[in-house]
Amino acid sequence: MAPHYAPSLWARLPAMALMLEIIFIVLFAFFVETEEFKKTKNQEFLYLYANFQDVHVIVFLGFGFMSMFLVRYGFSGTGFGLLVAAMVVQWATFINAFLSSFHSSKDILVLVNAELCAASALVAMGAVHGKTNPAQLLLLGLLEVTGLVVNQGLIKKLFKNDTFNTTMQLHVFGALFGVMTSWVLYRSEAEPRHEKEKFDSKTGLFSTLGMLLLWMFWPSINFVEAQEIRIMYSTYLSLAVSAVTAMALSVLLSPKGKINLVHVQGAALAGGVAIGAIRTVLDPWVAMVIGMCATLLSTLGFRYMKDHMLFAFECHDTCGVLSVHAIPGILGWFADLFLQLVNTDDATIAIRFAVHYICILLISVSMSLVTGTITGFLLKLKFWKPQQDRKCFDDQAFWEFPHLAVHN
């Protein structure tokens with residue numbers, strides 16, 4: 001007989017999802033319209049659509065497959081990612097236009113930016129992966145994107161900077177937001193390591209496929225933001241160095257001298273994350289050095305930081321988003337600052353650059369920590385009916401399994 005699970009989906013998810021969709025339909029009916037590309041713009045459209053396709057693959061296929069690594073949470077990892085990303089894209093399309101004082105979505109870049117916001121929400125989800133129900137994840141995604149867009153608008157207004165690099169925020173804001181939410185939701189009754197928080201050969205293979213998709217298409221994320229060919233070259237070289245360095249370091253850090261799949265899956269992307277925070281044109285060797293340093297920090301984070309955070313701060317980061325996204329993103333931000341200072345001869349301008357960069361980072365970190373904490377307390381309400389501790393990381397709490405059905 002199949003075990004009994006609380007009917008949390010039946011009580012909350014349908015009403016919440018359908019209500020949100022009706023609200024979005026009404027908002028789009030009155031406030032959003034699209035521009036029809038003329039024949040003279042066909043070439044521009046094809047160029048933008050290629051960028052959109054790459055980001056689309058990253059958000060839905062890359063993150064979707066990579067979240068299948070837990071042995072009993074494959075359905076939920078992929079399915080809930082699709083649910084949240086599809087909902088968040090709609091909300092991000094509207095809120096970006098609203099906060100930017102526009103009332104129409106005039107080109108496909110609006111959808112690209114919305115999917116980048118969805119990617120940030122999926123990063124935040126990684127920290128609470130397996131410990132929340134889909135209704136909670138929907139709320140988390142909507143609040144994370146709202147905080148991200150508000151933070152971007154605040155920084156642009158304070159610093160009068162319309163070319164502000166939002167790719168850094170995609171990683172740093174999402175990761176810190178998710179970690180703070182996970183810290184608030186920490187279950188003291190749970191074991192230090194849940195018995196179902198593991199992977200096997202099948203789930204590890206699917207997760208590796210997701211990592212490969214992210215690794216292949218990652219240059220497109222950085223290129224969409226910077227629109228600079230050299231950034232794409234730098235991203236690819238940095239990712240290549242990251243893949244090699246991640247495997248080498250994994251062997252060095254293993255007591256048995258073997259490659260750890262978790263280290264490789266996360267740290268192989270660290271170079272691309274770090275380059276995404278850089279707007280300065282890089283020489284190839286500089287991009288490769290940054291990729292190696294980011295991978296080193298990411299691998300060490302996977303090896304040591306996750307367990308130390310759990311025991312010291314009671315913060316459980318399921319997917320290690322701090323090591324994959326936050327640390328490499330901050331490293332890339334300071335690398336960009338260093339390169340700006342090196343290329344500046346005027347001391348006054350150099351100081352202004354330093355203050356500018358540090359203030360943007362502090363505002364982003366503060367906003368992510370505050371909004372993540374608030375979201376955590378909202379998700380902790382009993383109204384959401386979260387699954388029991390022993391039902392975490394388990395698809396059976398949410399999905400039908402015909403072979404486990406009880407026939408009378």
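Yeah, the Cβs are placed from backbone N, Cα and C, and that goes for glycine too.
Automatic, uncurated: that is what TrEMBL annotation is.
TrEMBL has this to say about the protein:
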{"type": "TRANSMEM", "residues": "12-32", "note": "transmembrane segment"}
{"type": "DOMAIN", "residues": "24-383", "note": "domain 'Ammonium transporter AmtB-like'"}
{"type": "TRANSMEM", "residues": "55-75", "note": "transmembrane segment"}
{"type": "TRANSMEM", "residues": "82-102", "note": "transmembrane segment"}
{"type": "TRANSMEM", "residues": "108-128", "note": "transmembrane segment"}
{"type": "TRANSMEM", "residues": "167-185", "note": "transmembrane segment"}
{"type": "TRANSMEM", "residues": "205-221", "note": "transmembrane segment"}
{"type": "TRANSMEM", "residues": "233-253", "note": "transmembrane segment"}
{"type": "TRANSMEM", "residues": "260-279", "note": "transmembrane segment"}
{"type": "TRANSMEM", "residues": "285-305", "note": "transmembrane segment"}
{"type": "TRANSMEM", "residues": "317-335", "note": "transmembrane segment"}
{"type": "TRANSMEM", "residues": "355-381", "note": "transmembrane segment"}
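With a threshold of 8 Å between CB atoms, the same-chain residues lying at least 6 positions outside the transmembrane segment (82-102) that come near it are 17, 20, 24, 27-28, 31-32, 59-60, 63-64, 110-111, 113-115, 117-119, 121-122, 125, 134, 137-138, 140-142, 144-146, 149-150, 153. By the Cβ criterion (under 8 Å, sequence separation of 6 or more), the transmembrane segment (317-335) is in contact with the transmembrane segment (108-128), since 3+ such pairs are found. Below 8 angstroms of C-beta separation, residues 83, 87, 90-91, 93-94, 97-98, 103-105, 133-135, 138-139, 142, 383-385 of the same chain, each at least six residues beyond the ends of the transmembrane segment (12-32), sit close to that stretch. Here the transmembrane segment (233-253) sits against the transmembrane segment (285-305); at least 3 CB pairs are under 8 Å, leaving out pairs fewer than 6 apart in sequence. Sequence-distant contacts of the transmembrane segment (260-279), counting only residues of its own chain at least 6 positions beyond either end whose CB sits under 8 Å from a CB of the stretch, comprise 66, 69, 163, 165, 167-168, 170-172, 199, 204, 207-208, 211, 214-215, 218-219, 221-222, 225-226, 231, 234-235, 238-243, 245-247, 249-250, 253-254, 287, 290-295, 297-299, 302-303, 319-320, 323-325, 327-333, 335-336, 339.
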